[in-house]
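Undergrad: According to TrEMBL, the domain 'Threonine synthase N-terminal' annotation covers 247-318. TrEMBL lists 351 with the feature N6-(pyridoxal phosphate)lysine.
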């Protein structure tokens, strides 16, 4: 059965744009639809005695010694289907000699050619196929098998494989030259599997063949069940008897649309996937990129983004753009406190950890026949990060995706403003707004909900609006990775053993960063307490303590930590929705009341559930500067103002029973005047680059962010526009930008 809903949605989006795009673009869109239907057809389910397989083959791929043959036989017994071992049933029967004899006879390169020829003459359906020890094989052979099969990668720990090969008395495999250690060749060979597999079975060390077989069947079932992982709005209503099912979206749709049509935020309809203890332990020694791929593969269905393409996106996102190879390292600060350093990306803030990846996710999900304008509100760091991220797309994608970022003209640091303005590219613009971040964010939400305006942009210019703030699920999801990675680093460095709890303390404004930590816990990371750290705009702290979200008579204060100068916290809605057992009607009631009456109170039982995991406090401006000063004097480490807020609150908790990971959300060089004031440096009235050079002379930790220093030399002379705090004025600017970009 075709996955009708997924194809139908994409068809509607494409047809929405057909009437105003050139004929040559129509052809691309038709090809896209053909590919979409073909993908759905590839995954159809057939009602046979082994319906999980149907006419498709389950093809087991993995390193020599991964257990493909044994696991394949177990699966065959469970499904009652034919089991084919490529070595025994195809190659040796074709050659009339053993695989090892053939290898010795013809050598490595010729062996792969001969192997490929033999497999090309083989056809079957509804079977379990165990590939050879030299897999992946010749490209032509792999395509031949893949067109009628689901390729499952058995990702088995290398130490397990080496031990098995020793027991099997195998001391040489295809491609191994004299002098090359087996373990080194196995590590090298892993890269060749990335291109081919449809789904991965991530095996813990010591897993039995039966356990692996069960995992294979679960992964194949997930792969085929494209309707199993959907998203709902936080403001949905569960259907009553006789009513239609609640409206759901797929991952790709949630990323494209950004904000739900009812004003809510997209969340998974079901629970987050959870890794077991053995799987987490395997990730302790992994790189950040490897961790990201495993975790995101579990959260993104391959029908939305195939594993091979997702892997390429992750490698691109966390590659050369980061000045630290560890991407998001953890550093011991003092006592039981550790700093999670999230500022090694190109724009020096934690936003890079998601916004180097999210543009690639977005570009993959959208149909090629439509243009997209990304609207972004920024309290300082998001603006430059989103402009930089979308500027890294390929030329074709940049021609159909543009970005407009709106920032409070007088509500961010001079360096942040220069950075945003200097990050403008041919597909990205910055605009100052004579108001605060809350206005910018609310205005963008109102623009999204204005169906007349959005419809006009679609009909007139073939352009659809979307977002890249953390209201967009594709922006929020990658942040889960660094919270999990921080915990794994503490295990790797020997500070804790896996399973020991930690607390996390996060400077919080829009609630996205701390919510990502909640999701990491849902996936299996043992976080005990989430410590919400606020500055003088402490509406979240007050809410966590009382359950009363009250904006009446509360005015936004400008502080040394502008990224959390926020009163309307968007992502709080997602967490309350989770606590309230996904009660969409309650969310609609609460957040409509917040919009109309500027406050709401949650029930006592919800307050108690919130306080089971959350504690909160806030920090004054004087305390923030004092923390920067004292930390530098005691350890030679310079905190940025946001991290200093978290440090003050973490110190105040006075709980030494477990480690505390303090999230450092930005590099201190972005806030040089505040740092110089805290360190009592007199020469504050200088250019940004002069301030950074002066700070670099202190030889503090972390070292100066060289990429930021280079960019300051180019940023101070660029132009930008400033507009009034009026939604209609913003709409007018959006339309002009679309005209300039796409017409």
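Start at 1 and count along the chain as shown; that gives each residue its number.
The backbone N, Cα and C atoms fix where each Cβ goes, glycine too.
What you see is a predicted model, and the numbers here were worked out from it, not measured in a lab.
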Undergrad: Write out how many residues of the domain 'Threonine synthase N-terminal' (247-318) are helix, how many strand and how many coil, based on DSSP.
TA: 37 helix, 6 strand, 29 coil
Undergrad: Let me check the 10 A CB neighbour count of the residue listed as 'N6-(pyridoxal phosphate)lysine'. How many other CB atoms are there?
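TA: Here the count is 33.
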Undergrad: Can you give me the average pLDDT across the domain 'Threonine synthase N-terminal' (247-318), rounded to a whole number?
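TA: The predicted confidence over the domain 'Threonine synthase N-terminal' (247-318), as a mean pLDDT, is 96.
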